[in-house]
Amino acid sequence: VTTAKFSHSRVQKMSSKKDKVSARAENNGDSDEEASGTSSFSIEFLSRYLADKLGIKGDDKPKEKILDEFNVDGIVSYIKKNNCKKIIVMAGAGISTSAGIPDFRSPVSGLYHNLQKYNLPHPQAIFELSFFHENPKPFFELAKELYPGTFKPTICHYFIKLLNDKEMLLRHYTQNIDTLERVAGIPDEKLVEAHGTFNKGHCLQCRKSYTQTWMKDKIFSDIIPPICEDCPGVVKPDIVFFGENLPEKFHKSILTDFSQCEVLIIMGSSLTVQPFASLIDRVPDNCPRLLINREKAGHQSGLSLFGFGGGLEFDQEDNTRDAYWLGDCDDGCVDLADKLGWGDELRELFKKEHERIDKEELQEAKKKKEAGKVKGEKKDTKL
């Protein structure tokens, strides 16, 4: 609107014109249906005005139908028929909740709901850089609860891993900071951690880089906050706080990935946090989009009326390409895998990988116990 130089006075004139038309309709005893038509006309007029000023050309041609059915079956049919090899997955906290990691906004169980113990001015403060500089302890206390290594990947993570193994994954974009994608075996080159990660950290003062292992040792030894070895700066995991820039890899990848996407799968995201949420509109117009989530999210509304379009179209009468599956993300992935013919393979991968992780954790615990025993024996010898 600013670019179009659409002045406040013009909006007022248009609004005034609309009020006069509506008043005239009321005085003339017009029906509710006619009044509604007048309102629709006013919106259409405003939409055309904005489109003209912004140079947006309307397209009166009917849209080509992309999916045979607007559900998982339609998506599966499209993937098989077109031999899709460039699938992008976008994921939010919903793919990790079955691992025991809380999402952010769910009532009672959500992370923001359970932060009262940290005495924050407001829940989001724990991820604000200004508050972190003032008091970093609450973040590191929370980090100890959520730190990677405590949780195992979910069915969703292994579904994405299968997509990669079958050479069908173009890229996986995640809002999550739990690194479970890495644990599941999704390679770094296929992974974009849009909101950062615990996988590494940097000193906020001199920018020296630190490994996840170094940070974990400090945090679990209650050395909070971890202090840089080269200067007095605090070492912070590379998680994007409010007000910080998203990783360079995110900005570079979206420029090339989404224009060549053949199918977009969105899992476990409320699609409310920008700029991540807007990525769904970067795919081509003929690219099918599937939402797997507990509730509908990201559907068209608001500015889409004025040609600024955006959002999933599954609630629109002229929908041609969007589908949704409502329920737990794990169940949605199993259903999708079954219909693709990979269900048993996914279940076997999940079982096998969890057994491997459990075995490795047991061996690691055994090593620590033995190391502690040796350390104790050496101490006794000295005494």
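Keep in mind that glycine also has a Cβ here, set from the backbone N, Cα and C atoms.
Copied from TrEMBL, the annotated features are:
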REGION    1-40  region 'Disordered'
BINDING   93-97, 103-105, 175-178, 293-295, Cys329  NAD(+) binding site
ACT_SITE  His195  active site, proton acceptor
BINDING   Cys203, Cys206, Cys228, Cys231  Zn(2+) binding site
REGION    361-383  region 'Disordered'
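Where TrEMBL records a feature, it is marked here on the structure.
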{"residue": "Ile95", "record": "NAD(+) binding site", "Cβ neighbours (10 Å)": "34"}
{"residue": "Thr97", "record": "NAD(+) binding site", "Cβ neighbours (10 Å)": "21"}
{"residue": "Gln175", "record": "NAD(+) binding site", "Cβ neighbours (10 Å)": "23"}
{"residue": "Ile177", "record": "NAD(+) binding site", "Cβ neighbours (10 Å)": "24"}
{"residue": "His195", "record": "active site, proton acceptor", "Cβ neighbours (10 Å)": "20"}
{"residue": "Cys203", "record": "Zn(2+) binding site", "Cβ neighbours (10 Å)": "20"}
{"residue": "Cys206", "record": "Zn(2+) binding site", "Cβ neighbours (10 Å)": "12"}
{"residue": "Cys231", "record": "Zn(2+) binding site", "Cβ neighbours (10 Å)": "13"}
{"residue": "Asn293", "record": "NAD(+) binding site", "Cβ neighbours (10 Å)": "23"}
{"residue": "Glu295", "record": "NAD(+) binding site", "Cβ neighbours (10 Å)": "10"}
Sparsest Cβ surroundings (other CB atoms within 10 Å) among the binding-site residues Ala93, Cys228: Cys228
Any further residue of that chain within 8 Å (Cβ to the Cβ centroid of Cys203, Cys206, Cys228, Cys231) of the recorded Zn(2+) site: Leu204, Gln205, Arg207, Lys208, Glu229, Asp230, Pro232, Gly233, Val235
Nearest of the recorded positions (Ala93, Thr97, His195, Asn293) to Cys203 (Zn(2+) binding site), judged by Cα-Cα distance: His195
Top Cα neighbour of Asn293 (NAD(+) binding site) in the set of recorded positions His195, Cys206, Cys228, Cys231: His195
